[in-house]
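To start, the structure under review is shown below, and the notes come after it.
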Amino acid sequence: FPPAVFPLSCVVQNYSWGKVGLDSEVAKLVASGDPLVQIQPDQPYAELWMGAHPRGDALIRDNRIPQKTLGQWIADNPACLGAKVKDAFQGHLPFLFKVLSVNTALSIQAHPNKELAAKLHAQFPEHYPDANHKPEMAIALTRFEGMCGFRPVEEIVSFLQNVPELRALIGEVAAEQLERSGSDDPRGVSAALRVCFTRLMKSEKKFFVDRLNMLVKRISQEAAEGKDTSGSNGDLLLRLHSQYPGDIGCFTIYFLNLVRLEPGEAMFLGANEPHAYLYGDCVEIMACSDNTVRAGLTPKFIDVLTLCEMLNYTPAPSSSKIFPAVQSQLDPHVYLYDPPVPDFTIMRIEIPASIKLYLISAMDSASILLVIQGTAVGTSTAAASEMSLHRGSVLFISANESISLHLSSPDGMLLFRACCLL
């Protein structure tokens, strides 16, 4: 039999928003995972792609395997996915697993549901490269900040009253409609919110740049005088404006929740949920798709009309955006992040130092294992030889295969395992 468990060498994406050099968790993991890699101190290391995506197919680090990449190997050995996964996802690995190191904000974006994705792909294939939906989930590795979903209406109304520059862009009629919308009529609230947000996003470039400059000037002066600018969300506004001067996305901070995650906390981003990552390091998992509808904080193609049409305009507090991990009933060292989509699940595995032998159990799904901390020697009947595991190691594990870890680190191990639980 060919080895069904093997190490991977994964693709790094050097997008400009990434953390630079060894400040980046991506760079640190890559450097620990492969000591031969030279980290460039002035280069951004934004994303590590662990999977079989055509734009970042992982290399197989096992010279007994004839296939060079994971995508080729899965195409030749589709049974490795597990029977259910193989049938449900037409012989493809259904998820892409990543590490992100975010230094400056990513674009304001949302991902379409399957129905909209198919339509956008048919109409504009150059911007929407496939017909799949793209739910995703981020789990913080370091303190992580992002914007996600619409704020409670009272918070937005408070900004409309404290930030005249914002109110001018939205207009008095739309602002008053939101102020009058009552919590007893959720559809009325969503409709008023849609009007306000759409008016903001479609405002004339010259007009919103003037208003933004006025706002930045006012907040900078207030901050210099030692005044509290939190009523205008001043700190975040100045930070985003310094990263993307003159960008309409700067105003979205008055509509979207600021979500702060501690390490191990997660946020799940379903279809049509507006979001933007702001700062920090995370592991991320997503359905295998590149469909992103953008509308600000980006130099890329923006599609404001589609974005404003598709968004979920349901207001909710930022605390509701934190997705809980559930301790496994079968193994107290495993915490499951199991979102309401079939495409992916993540397990966080925390092995204490007192344990010297640990079994990564078999499951009916292919999985990808990432080592964040600790060292071990892994043995498996499905691997050609024993594998040395340390920070930055990435392993592909075929369905129904297990690995025994012989731990050798004084402080235990932290692992993340991405899989598909159908």
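Along the chain as shown, residues are numbered 1 onward.
Quick reminder: no glycine exception, Cβ is built from N, Cα and C everywhere.
Not measured: the values here are computed from a predicted model.
Summarising the annotation, TrEMBL assigns active site to R294.
Of all Cβ atoms in the shown protein chains, 23 besides its own fall within 10 Å of the Cβ of E136 (Zn(2+) binding site). If you look up TrEMBL, you'll see Q109, H111, E136, H275 marked as Zn(2+) binding site.
Annotation source TrEMBL lists domain 'Phosphomannose isomerase type I catalytic' at 5-153.
What TrEMBL lists as domain 'Phosphomannose isomerase type I helical insertion' is 169-256.
On the 0 to 100 pLDDT scale, the model's mean across the domain 'Phosphomannose isomerase type I C-terminal' (336-376) is 97. What TrEMBL records for 336-376 is domain 'Phosphomannose isomerase type I C-terminal'.
Residues 8, 29, 50-51, 74, 80-85, 88-89, 93-95, 97, 99, 133, 135, 137, 139, 141, 264, 266, 268, 270, 283, 285-288, 323, 325-328, 330, 388-422 of the same chain lie 6+ residues outside the domain 'Phosphomannose isomerase type I C-terminal' (336-376) yet bring a C-beta within less than 8 angstroms of a C-beta in it. Counting only the Cα atoms, the space from H111 (Zn(2+) binding site) to R294 (active site) is about 9 angstrom. Recorded residues H275 (Zn(2+) binding site) and R294 (active site) have their alpha carbons 10 Å apart, per Cα-Cα distance. Take the mean position of the Cβ atoms of Q109, H111, E136, H275, the recorded Zn(2+) site; other residues of that chain with a Cβ within 8 Å of it are A110, K134, L269, E273, T292. Secondary structure of the domain 'Phosphomannose isomerase type I C-terminal' (336-376) per DSSP, as helix, strand and coil residue counts: 0 helix, 21 strand, 20 coil.
For H111 (Zn(2+) binding site), the Cβ neighbour count at a 10 Å cut-off comes to 25, with all displayed protein chains included.
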